[in-house]
Amino acid sequence: MALWILNGLVWDEQTGEATRKHVRVENGLIASIQDAAAGNPDTAGHETIDANGKLVSAGFIDMHVHLREPGFEYKEDIASGTRSAARGGFTTIACMPNTRPVTDTPETVRYILDKAATAGIVNVLPYAAITKNELGRELTDFAALKEAGAIGFTDDGVGVQNAQMMKDAMNLAASMNMPVIAHCEDDSLVVGAAVTEGKFARENGLKGIPNESEAIHVGRDILLAEATGVHYHVCHVSTEQSVRLIRLGKQNGIKVTAEVCPHHLILSDEDIPSMDANWKMNPPLRTPRDVQAVIEGLEDGTLDMIVTDHAPHSQEEKARGMQLAPFGITGFETAFPLMYTKFVRTGKWTLGFLLKRMTEDPARVFGLKSGMLQAGAPADLTIVDLENEREVNPESFASKGKNTPFGGWKLHGWPVATIVNGNVVWSEL
Ligand SMILES: NC(=O)N[C@@H](CC(=O)O)C(=O)O
Ligand SMILES: [Zn+2]
Ligand SMILES: [Zn+2]
């Protein structure tokens, strides 16, 4: 039996507009895409979805998320995290290894993959740690972790402080054709600060996190990537200096790629309303000048993709206040509506540009088969209602994490159905 998604709006890069198409899904793959103008197909005996007036896109891909399992299931687990992803229109997500235990052994990689296969509803790609327990002292067993299914190496949550350790990691990863993904943060420049150096910190008498704490690692690592030939990917870029360094690296033919989060594209430190820890994340919200720089970086291709850095925490933890609460905000269920409302509805970007940065570009950078709406591709699809405005209500999130600064925001562009490997895993239609 086939699944027909009828009359959806499909973005056409050639014409620069979305036109009505019928998409046929069979055996987990996109079987055909045909013009709706040519008439209705014979759907007798097949399952159908009426997508009339809704956008049909390749499923969104999020290469930076925290599912918290194993070890921090009170914040999130693979079942709740993948449900949250599906509601956000994400069909493939790559999860970070700062779990408990840290994902630094083949057993933990396999645990995540097994759990994702049984309890998860979207594709889950695990990263493994660069160093044991993410302590920066000893490399993990890259070969065994790759063999178990890890797709790259990262100590996300902390920066690798020692340059020789990073260089060794890159040499090893390069030799097995694996990427190194870096949380860029020099600890010696960040001592107990919760927000960026800037207006909010000054006005509230707080110590600030300087931009260089990120950019020094970006610059160091680009030089190490040049020396080792590794594919080096920069996590959650937030500063003007980092954008500048990545741009220069790309101009010099170094294999550097990068990601940026919706919150760093939309909010600056000057938007923080109070000492509310729902505005605390790492890297922190930067100055308006940095926001402008990351937008320009994404627009000119210096930054390759949008990721959420979905980082759920419990309400108790976030209630500890700006200084003591953990860093991080949830991201899955607001990412597309935020980006669509702020950049596409305002006319700054085409819909095609936004979709590419959330589908095709991450797939290209990480060599995934999905990310394109074309016959023969995996049937990972997202259907989005572009017309109805809705308010962000964290209480209604599928995620266990309610920690978002976007509660109450009125947005357009809400996903209404998500299809993974040809199966409808979530639908409001
Ligand atoms: N981004 C965050 O603020 N927090 C992340 C860690 C990380 O992505 O560095 C987390 O694990 O909570
Ligand atoms: Zn990080
Ligand atoms: Zn992260």
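Just so it is clear, glycine is given a Cβ too, placed from its N, Cα and C backbone atoms.
Predicted, not measured: the structure shown is a model, and the values here were computed from it.
If you look up TrEMBL, you'll see Asp309 marked as active site. Annotation note: Asp309 (active site) sits in a coil segment as assigned by DSSP. Close to Asp309 (active site) in the fold, though at least 6 residues off in sequence, lie His64, Val65, His66, Cys235, His236, Cys261, Met281, Gly328, Ile329, Gly331, each with a CB less than 8 Å from its CB.
Residues or ranges marked as Zn(2+) 1 binding site in TrEMBL: His64, His66, Asp156, Asp309. The Cβ of His64 (Zn(2+) 1 binding site) has 27 neighbouring Cβ atoms from other residues within 10 Å, across all protein chains displayed.
Around Asn98 (substrate binding site), a 10 Å sphere centred on its CB holds 22 further CB atoms from the protein chains shown. As annotated by TrEMBL, substrate binding site applies to His66, Leu67, Arg68, Asn98, Asn282, His313, Phe327, Gly328.
Residues or ranges marked as domain 'Dihydroorotase catalytic' by TrEMBL: 53-241.
What TrEMBL lists as domain 'Amidohydrolase 3' is 292-425.
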- ligand 2 is in the model; which of the binding-site residues His66, Leu67, Arg68, Asn98, His313, Gly328 have a C-beta less than 6 angstroms from one of its atoms? none
- Around the Zn(2+) 1 site recorded as His64, His66, Asp156, Asp309, what other same-chain residues have a C-beta within 8 angstroms of the site's C-beta center? Val65, Met96, Gly157, His183, Cys235, His236, Val307, Thr308, His310, Ala311
- Item | Local Cβ density at His66 (Zn(2+) 1 binding site) - other Cβ atoms counted within 10 Å | 27
- Task: Give the sequence-ordered list of residues that share a chain with Arg68 (substrate binding site), lie 6 or more positions from it, and have CB atoms under 8 Å from its CB.
- Result: Lys75, Glu76, Asp77, Gly81, Thr99, Pro312
- Query: Helix, strand or coil at His64 (Zn(2+) 1 binding site), per DSSP?
  - Reply: strand
- Task: Please report the number of other Cβ atoms within 10 Å of the Cβ of Asp156 (Zn(2+) 1 binding site).
- Result: 24
